[in-house]
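What TrEMBL records for this protein:
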BINDING   A:8, A:22, A:25, A:31  [4Fe-4S] cluster 1 binding site
BINDING   A:62, A:63, A:64, A:65, A:66, A:67, A:68, A:69  ATP binding site
BINDING   A:235, A:238  [4Fe-4S] cluster 2 binding site
DOMAIN    A:54-210  domain 'AAA+ ATPase'
């Protein structure tokens with residue numbers, strides 16, 4: 001994986017571990033031994049594991065708190081409503097794993113079987129994995145540096161026995177760092193359908209999201225599209241307000257400028273937050289909210305996009 | 001054994017406050033900015049900051065040079081450029097920010113952090129340890145999903161020996177500008193409950209105010225411009241609590 005070349009010569013360069021700027025780098029020994037130049041065997045192993053996974057979608061945002069986990073969870077719920085569609089939800093936010101709570105699976109444990117780790121099943125056709133399931137207390141902090149987080153992500157991708165899956169949704173933490181690089185790197189041989197990027201309307205969010213789009217281009221990750229979350233709020237007594245004002249035109253203008261599809265806009269509904277807190281599907285709780293309708297339309301577009309990207313020679317199942 | 005504080009670029013800084021959260025998007029950067037503005041208004045005005053030949057010069061926000069900033073954002077060639085770095089490189093830059101920026105004489109240094117409990121947080125705590133930071137302001141929103149992550153951040157603080165000044169609950173209620181009906185968009189009560197559970201002070205709740213968002217985006221001074229806002233009393237109160245803890249005295 002290419003790093004921005006400032007002073008690090010690069011792990012696969014001839015100077016790896018030997019350059020002046022390598023002094024003091026924690027990976028100096030590894031690089032100097034030449035181990036960095038060899039491809040990670042896990043990449044092939046993950047490719048094998050991913051053979052039974054038809055579509056892989058990364059849910060990204062440069063910005064925190066825009067609704068990635070909420071969206072990932074509801075994308076999973078929405079796809080899994082069809083009993084014939086097998087859905088897997090992988091949470092690679094190692095420091096702040098929200099998926100167990102949002103899916104109502106807090107306190108569940110992961111089991112080991114002969115074929116690997118078993119995900120936690122919410123429904124027969126909806127399996128979930130998160131570092132949250134490996135922690136014994138809700139107060140436990142995962143204070144890990146990058147390499148350890150990468151190791152966990154590698155294990156999630158290589159060792160979890162998902163079985164036959166139509167959609168693997170990968171929920172990520174905010175940013176463009178270790179977790180994101182690792183996910184893309186480890187899945188490199190396994191063909192990712194693309195990224196769904198979440199934002200809120202205001203410029204502070206869009207600024208970070210543009211960087212995320214730039215990241216996707218850099219690592220050649222296709223972009224399925226952008227979702228504008230918390231688009232507007234309707235006061236229960238009177239009318240619409242903009243809580244996060246789109247001071248620079250919101251996601252619509254950004255998508256036009258950067259030529260990426262806008263998949264849809266989801267309005268702010270306080271009941272979404274409540275459902276997430278209770279670990280329930282918002283679709284089940286409030287089926288006729290404008291937010292539910294917006295989500296469903298976006299999920300439909302994602303399914304359509306995935307079926308267009310279907311590799312040749314494989315049958316479409318459950319789409 | 002703590003290393004003695006080197007007479008480096010932070011020697012002239014009286015109080016260091018870290019703004020943390022386990023959760024993204026709760027308002028760390030917003031609260032950091034507003035805290036800096038509120039401290040400036042409530043505390044010493046027009047305090048000059050020396051410029052130095054050696055080291056990076058921070059960017060000044062105002063004519064009087066009472067607020068200065070340093071951020072990786074200033075080092076990017078283009079605003080949309082992505083900083084795609086793994087941990088070690090981020091740590092190195094953070095160390096540089098601590099040791100190589102000529103902050104000069106400062107009453108308060110507010111350190112805004114990204115969400116999580118990883119490289120950046122360990123790096124900044126290690127780098128600032130010799131300077132005995134006042135502590136951490138931990139930001140959350142009211143709902144359980146947020147509190148769930150922020151609990152872990154409080155554990156982080158305990159583990160690394162960083163004192164928690166208190167918890168701030170942000171986005172605590174939205175007062176509709178049309179009819180003054182207050183809606184709890186992101187639920188309520190979580191921040192106070194968290195503070196109680198963790199045995200740390202609860203510093204206050206800041207309501208959602210789109211004017212605050214707008215003024216931030218437009219680079220306006222919210223504290224100056226919106227004393228009528230429902231967010232203003234909460235922010236001033238939080239700043240006052242910090243000032244009470246860490247007064248800068250007469251000069």
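Quick reminder: no glycine exception, Cβ is built from N, Cα and C everywhere.
Candidate binding-site residues: A:22, A:235, A:238. Fewest other C-beta atoms within 10 angstroms, A:238. Comparing CA positions across the binding-site residues A:22, A:63, A:65, A:69, the one lying closest to residue A:238 ([4Fe-4S] cluster 2 binding site) turns out to be A:65.
Separation of the C-alpha atoms of residue A:22 ([4Fe-4S] cluster 1 binding site) and residue A:65 (ATP binding site): 36 Å, rounded to the nearest whole number. Separation of the C-alpha atoms of residue A:69 (ATP binding site) and residue A:235 ([4Fe-4S] cluster 2 binding site): 25 Å, rounded to the nearest whole number. The average pLDDT for the domain 'AAA+ ATPase' (A:54-210) in the predicted structure is 93. Secondary structure at residue A:235 ([4Fe-4S] cluster 2 binding site), taken from DSSP and collapsed to helix, strand or coil, is coil.
Of the recorded residues, residue A:64 (ATP binding site) and residue A:25 ([4Fe-4S] cluster 1 binding site) place their C-alpha atoms 29 Å from one another. When the binding-site residues A:25, A:31, A:235 are ranked by how far their Cα is from the Cα of residue A:67 (ATP binding site), A:235 comes first. Reduced to three states, the DSSP call for residue A:64 (ATP binding site) is coil. Here the candidates are the binding-site residues A:25, A:31, A:235, and by Cα distance the one nearest residue A:63 (ATP binding site) turns out to be A:235.
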